[in-house]
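Participant: Pasting the feature list from TrEMBL:
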- 34-297: domain 'Protein kinase' (DOMAIN)
- 303-322: region 'Disordered' (REGION)
- 304-315: compositional bias 'Low complexity' (COMPBIAS)
- 340-408: region 'Disordered' (REGION)
- 344-353: compositional bias 'Pro residues' (COMPBIAS)
- 403-428: repeat 'WD' (REPEAT)
- 429-476: repeat 'WD' (REPEAT)
- 477-518: repeat 'WD' (REPEAT)
- 519-560: repeat 'WD' (REPEAT)
- 561-602: repeat 'WD' (REPEAT)
- 603-644: repeat 'WD' (REPEAT)
- 645-679: repeat 'WD' (REPEAT)
Amino acid sequence: MIYCLNPKCKKPKNPDGTEICQACSSKLLLKERYRAIQFLGDGVFSRSFAAEDIEQRKVPCVIKQFAPLPQIQGHSEAMAKATQVFEQEAKQLLELAEQYPQIPTLFDYFEQDKYLYVAKYYIEGKNLAQELQAQGAFSEHQVREFLYDVLPVLQVLHKRQIVHRALKPTNIILKKSDRKFVLIDIGISKQLADTRLTKTNLRASTEVYTPIEQIRGGKAYPASDLYSLGVICIQMLTGAQVDDLYDPIEGRWMWREYIRNAGTDISDSLAQILDKMLQDSIKDRYQSASEILKEFYTGAIPKTTTSDRSQSSTQEPEKKAARWQCIHTIAGHLDTVTTVAFSPIPPHPPSPGGPGGIHPSPGGPGGIHPSPGGPGGIHPSPGGPGGIHPSPGGPGGIPPSRGGILATGSADNTVKIWQSDTGKLIRTLLGHSDTVNCIAFSPNSTRGETPPLIASGSGDKTIKIWQLDTGKLIHTLTGHSVTVFSIAFSPDGEMLASASGDGTIRLWHPGTGKLLNVLAGHSDFVESVAFSPSGDRIASGSWDNTIRIWQVSTGKLLHTIKGHTGGVWSVTFSPDGQTLASNSGDNTIKLWHPETGTLNYTLTENSDSAWSVIFSPDGQTLASDSGNDTIKIWHLPSRKVRTTLSGHLSQVRSIAFSRDGKMLATGSDDKTFKIWRFE
């Protein structure tokens, strides 16, 4: 079937092979390229159609049609203005889609016959309404995960003055590929809406999700989207029709009673958040998605628990005053925080303002520091030259930081640079087209040499090298044929090693970008690479269950270490170079003598396979994720877990110690990273 796009056509369905509509004589091929095959529904400002792109071998896509008001269509200057504003908005959505995977990719926009169109890639998956019908009520955990997916997207849109205006279950797709929620039918900005260029169409199916300000006056704000999102959440929790959750006589939502009558309940923290999202008055609601994210993360204050140890009354207590405390939880990425790293730049000398020169974060409970871009430490890049977020100031473009500089990489394809003591975003580095799996700072930073560098490796098979002070991209290194999983600078900063799913380790000169050597020998993905402190050895860990030790100068294989019964996810040298730690899919952490390849001992208290393991700068402590949402701090002389850190809401993927060992950063699938301080 071919669908006619003329909004006035009374019989828009046409048989296959038809070129001219049988009912209204309109051309059925849009831009000589797109063929609408199914009507999907009305939005607030548009109609959507499933379509085929015949230029691309009938690749499925979605066409959105915007219809300016008749008085606009009949006035040439007004129509030109409408088209100009529309194109500006379309370009903005195109830029956003390129940066954020949870925004559908727009690949074409145009005007035809006084109607405005955008073409987007089709997203395979079920919409939330279909999921609700199939599953029924969602658990609190599922609703929280839903909010962790959707709120950061709304945050980005609202920063660009884009209000969705039509949030409802049919406009939220659960992607089949990665099971992430994606917003579709994204609206246009307040600028375009305020021009009154398009007519508002609020259908009955949408009104139950729509706040009163949109229904009465057609006005929408970020808080309007948050109201709609709140309605969706209570429908997910109850599995009921929205009309059944509101009592018009009492003028209030009855969703809490509905849940209790069903024999279930939810936490007070989530209930209070939803109640505030559902307030009738705009001023009583959250004003931004950042505020809700901040409440989530400050409401889940991490707990630090020490392993049980029996002590006699004569024993000296174990440093009760000093323990790991979470000082920041920062939700600045749109997807998993895959990698974290502290810069070796010495921290800025403490000021004399407070105890030890340490000042509490002004971000309130939980230590979340609101950046200039909004609460929660989130500061989306405004898309400056080269996708570099400008620094707010400071020598060399990097503001001084008492705790040093921290970098994070994410499955949202970005690298972000932060002040570790405040949690303030300094800059966002854009350029990768796939997940950023690893980041590393050059050791040149410790000697004050210029320019200090930061490198990043990605699922796009490249390594990018950037100037830390300016964010300028220096080199893009190509040569790996599969994902780059790990990178490491040599201690003198003159070499960069990269490990890849193609089974090789490549050695590069970071200053010139020249390939120096290729180390081959593993029979499966190489997941991790590390230089010894002396710089003359490289260790690599692989999915082939082995660790290999290489001589840097010659590329010669010195040892193949066997002992793990699962893939080796991470390898790291102790600061003195006398011990090599590895963790594996066999749920163990093993410590080896790197010169001989002999096993020293095995740590076995992990119930799941850990992704990361790292030594503290003094070599006395080992930190590892636990294959879940916690981090274990091991006391190596006793080979025991001294502390378990909890607070993340999903799998921990990466950990890093600061240069002085007093801070720890952790990245997670919950899209946040945490900064912990030993105090």
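In case you wondered, yes, glycine gets a Cβ from its N, Cα and C as well.
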Participant: Just give the helix, strand and coil counts over the repeat 'WD' (477-518), going by DSSP.
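Facilitator: So the counts come to 0 helix, 21 strand, 21 coil.
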Participant: Where DSSP helix means H, G or I and strand means E or B, what are the helix, strand and coil counts for the repeat 'WD' (603-644)?
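Facilitator: Each residue of the repeat 'WD' (603-644) counted once, the result is 0 helix, 20 strand, 22 coil.
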Participant: Take the repeat 'WD' (519-560) and average the pLDDT across it for me.
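Facilitator: Across the repeat 'WD' (519-560), the average pLDDT comes out at 95.
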Participant: Pull the DSSP breakdown for the repeat 'WD' (645-679) and write it out as helix, strand, coil residue counts.
Facilitator: 0 helix, 20 strand, 15 coil
